[in-house]
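Colleague: Straight from TrEMBL, here's the annotation block:
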type: TRANSMEM; residues: 12-31; note: transmembrane segment
type: TRANSMEM; residues: 51-74; note: transmembrane segment
type: TRANSMEM; residues: 86-106; note: transmembrane segment
type: TRANSMEM; residues: 112-133; note: transmembrane segment
type: TRANSMEM; residues: 145-162; note: transmembrane segment
type: TRANSMEM; residues: 168-189; note: transmembrane segment
type: TRANSMEM; residues: 201-220; note: transmembrane segment
Amino acid sequence: MTFVEEIALRQSVRLVLLVVGALGALVYLLFFCHRERGWARVLFKVIPMPAFAGAAVVSFGNPLVIWGLALSAVGDVALTRKRDRWFLIGLVAFACAHLAYIAHFIELSGGVFPGFTLSVAVVLVLAASTEVWLTPHTGGLRWPVRGYVVLIAAMGITALSLPSAPLATIGAMLFIASDTLLAVLLFRMNDASRWQRPMSMALWLFYASGQFLILAGVGWSTPLFQIG
């Protein structure tokens, strides 16, 4: 196989894995994200992040983004379980994923968006507000949750310093939105609430889209596509 043929093969495999990840995310959104149990629910929840990570691996993607996606896959599996121990495993996995993204965003930082100060203020206010509406309801998980809030706020702020990678910035904001909805679902919303299903669907849509956009924006030396 020539060098050109190898590159073409890698690009083809990347496309296939991206499509597999996107389709897995779509199937989970439409049929499984609002369900409590079932092996199919776990299967389709687990497909997207490893597929996205694999797409980066076969096409020389950034190692930090690959680690972020792989750790997120661990978190996805852990959060399908109901006990506090599994929640903590998921929390740690996602916290490490955020650290990987933060490190990569810092590597790429160079300038700020218009409205940077206001955007940072919004992220900080949202993070601080969790002391009112979230932390008092987390019981023995109070300090782990606080630590996680700090990390995801840091991830959001570092993403705002990527004016040349708007896809990643949008992805990071969607990730924050998904974690906010997850906090509401886990700690504030009654299991019988009529909002459970739409909130679960919105959460997954924000999460999967956010991860994909982070990958598309900064997973490779050039963005997967451009906006604007």
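Start at 1 and count along the chain as shown; that gives each residue its number.
Yeah, the Cβs are placed from backbone N, Cα and C, and that goes for glycine too.
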Colleague: Do at least three CB pairs under 8 A connect the transmembrane segment (168-189) and the transmembrane segment (112-133), leaving out pairs fewer than 6 apart in sequence?
Modeller: yes
Colleague: Look over the recorded stretches 51-74, 86-106, 145-162 and say which has the most C-beta pairs under 8 A to the transmembrane segment (12-31).
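Modeller: Highest pair count goes to 51-74.
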Colleague: To the transmembrane segment (168-189), which of 51-74, 86-106, 145-162, 201-220 is linked by the most Cβ pairs under 8 Å?
Modeller: 201-220
Colleague: Could you give the residue numbers and ranges of same-chain residues that sit at least 6 residues beyond the transmembrane segment (51-74) on either side and whose C-beta is under 8 angstroms from one of its C-beta atoms?
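Modeller: Hits for the transmembrane segment (51-74): 10-11, 13-15, 17-18, 20-21, 24, 89-90, 93-94, 96-98, 100-101, 103-104, 107, 211-212, 214-215, 218-220.
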Colleague: Restricting to the same chain and to residues at least six past its boundaries, which positions have a Cβ under 8 Å from a Cβ of the transmembrane segment (201-220)?
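Modeller: Distal contacts: 21-22, 25, 28-29, 33-34, 48-49, 52, 55-56, 59-62, 65-66, 68-69, 72, 101, 104-105, 108, 162, 165-175, 177-178, 181-182, 185.
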